[in-house]
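Undergrad: Before anything else, here's the structure in question.
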Amino acid sequence: MSVLIIDGGIPLKGKVTAQGCKNSALAILAAAALCEDRVYLTNVPDIGDVKTMMSILRSLGYKVTWGSGLTIKPGVIKNYDLTHTGAGSIRGSLLFLGALLGRLGKVVLPMPGGCNIGTRPIDLHLKGLSLMGASLDIQGGNIVGEAPSGLKGAYVYLDFPSVGATENIMIAGALASGETTIENAAQDQQVVELGKFLMACGVKIHGLGTKVIRIKGKKEIGGVTFRISGDSIEAGTYAIAAAATRGSITVDGVDVTFLRPLLFKLQEAGIEVVVTNGHEVTVLPSPRPKGITIKTMPFPGFPTDLQPLMMSLLATAEGRSVITETVYDGRMGHVSELWKMGANIEVEGNTAIITGVEKLTGAPVVANNLRAGAALVVAGLSAEGRSVVYGMEHVMRGYSNIHQKLRALDAKVELVSDEEAVNIA
């Protein structure tokens, strides 16, 4: 177990470059299983979930190497059963459903893991792939799928604009015969970037970034060289950390389009934000934020992944804030940890009512998932005194070198093992 020791209350300052987008990388790595030729990816984030996806590709028979970029060379695909590959540990592995059904016509995949944030159903994935001709069943905790006659293009209406379901259907549609239409598709960064990757591989896609996406399938998909764009969630994390510590940070290398919902809410709270060239955001030193109301929604709404972090910021805002979580039904696990730091938060169902306090106080806290852990790091950075964040391995699933980046921004942090933490804390 990894532990982050934080001596808080220091305004962050400096510049940080956003890592490659975690969620885009996971989708593209799954889609790379469609390719008959070499795929070379740059700006791939050095994080745990990416390494798990690399391991899955190797188990399928691909040669995967990481140098200045990530190279994926196809071999003879020798496996379609992913039950012993670590695939069950991350949600992103679910995207191998569409990839292997398209490429091999069969797949066995453990039910996906990932963050513990309530119910995350896969019914929309299964519904979409079934409409494309796949036979899918849940057996012994595994998803067993077959498409002996191959996948066929279909019209798929999503009851909810699920990012994962949109991605899975796009990946499957790339090798399906005919055209696949996804209505009420997700419009998030990783969906757009997956589409750009598939298009770079020669797949014809229309409507990318809109609610209706059309994919014209191909018989074979070649290789490509592709650069993954900056991670808007990581960029947002550092922007929120700057606001929470009353500091000033510039984040570059990110498409501000996907940050606008966050930037609007920061400005509403009284935080001064400057956008430069559409790829750089500066958060300027600002006074104590004002209470605001946030409701998470699929993009272009406010991103659920930044909800826990905004709660850490608003815990010291002036007045009352209300945050309603509509995407996941269990994304309030960080509240009990913020209580330990002195936050005044009441939870009613999926709504948190936050009465701002003057300051948080450092305390030992436990991260139980990726974004909750990042929220506790932000809280620790802004708090007075020392905080000890246990469970940092969850955070490092999505943030590369977070402790080193924070140090470069003047934060006083140290990443240690839990055994070392006993002596330091």
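Glycine is treated like the rest: Cβ placed from N, Cα and C.
Taken from Swiss-Prot, the feature phosphoenolpyruvate binding site applies to LYS22, ASN23. Taken from Swiss-Prot, the feature UDP-N-acetyl-alpha-D-glucosamine binding site applies to ARG91, ARG120, PRO121, ILE122, ASP123, LEU124, ASP305, VAL327. Residues or ranges marked as 2-(S-cysteinyl)pyruvic acid O-phosphothioketal in Swiss-Prot (evidence: sequence analysis): CYS115. According to Swiss-Prot, the feature active site, proton donor maps to CYS115, an assignment based on sequence analysis.
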Undergrad: Based on Cα distances to LYS22 (phosphoenolpyruvate binding site), point out the closest of the binding-site residues ARG91, PRO121, ILE122, LEU124, VAL327.
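TA: Answer for the nearest of the binding-site residues: ARG91.
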Undergrad: Tell me, how many other CB atoms lie within 10 A of the CB of ILE122 (UDP-N-acetyl-alpha-D-glucosamine binding site), whichever protein chain they belong to?
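TA: Neighbour count, Cβ to Cβ under the 10 Å cut-off: 19.
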Undergrad: Please give me the CB contact count at 10 A for PRO121 (UDP-N-acetyl-alpha-D-glucosamine binding site), counting all chains in the structure.
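TA: Other Cβ atoms within 10 Å of PRO121 (UDP-N-acetyl-alpha-D-glucosamine binding site): 10.
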Undergrad: Between the binding-site residues PRO121, ILE122, ASP123, ASP305, which lies closest to ASN23 (phosphoenolpyruvate binding site), Cα to Cα?
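TA: Of all the candidates listed, ASP305 is nearest in space.
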Undergrad: Across all chains shown, how many C-beta atoms besides its own are within 10 angstroms of the C-beta of LYS22 (phosphoenolpyruvate binding site)?
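TA: LYS22 (phosphoenolpyruvate binding site): 26 neighbouring Cβ atoms within 10 Å.
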Undergrad: Around the Cβ of ASP305 (UDP-N-acetyl-alpha-D-glucosamine binding site), how many other Cβ atoms lie within 10 Å? Please give the count over every shown protein chain.
TA: 25
Undergrad: What does DSSP say about VAL327 (UDP-N-acetyl-alpha-D-glucosamine binding site): helix, strand or coil?
TA: coil
Undergrad: What is the Cβ neighbour count of ARG91 (UDP-N-acetyl-alpha-D-glucosamine binding site) at a 10 Å cut-off, with all protein chains included?
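TA: Neighbour count, Cβ to Cβ under the 10 Å cut-off: 18.
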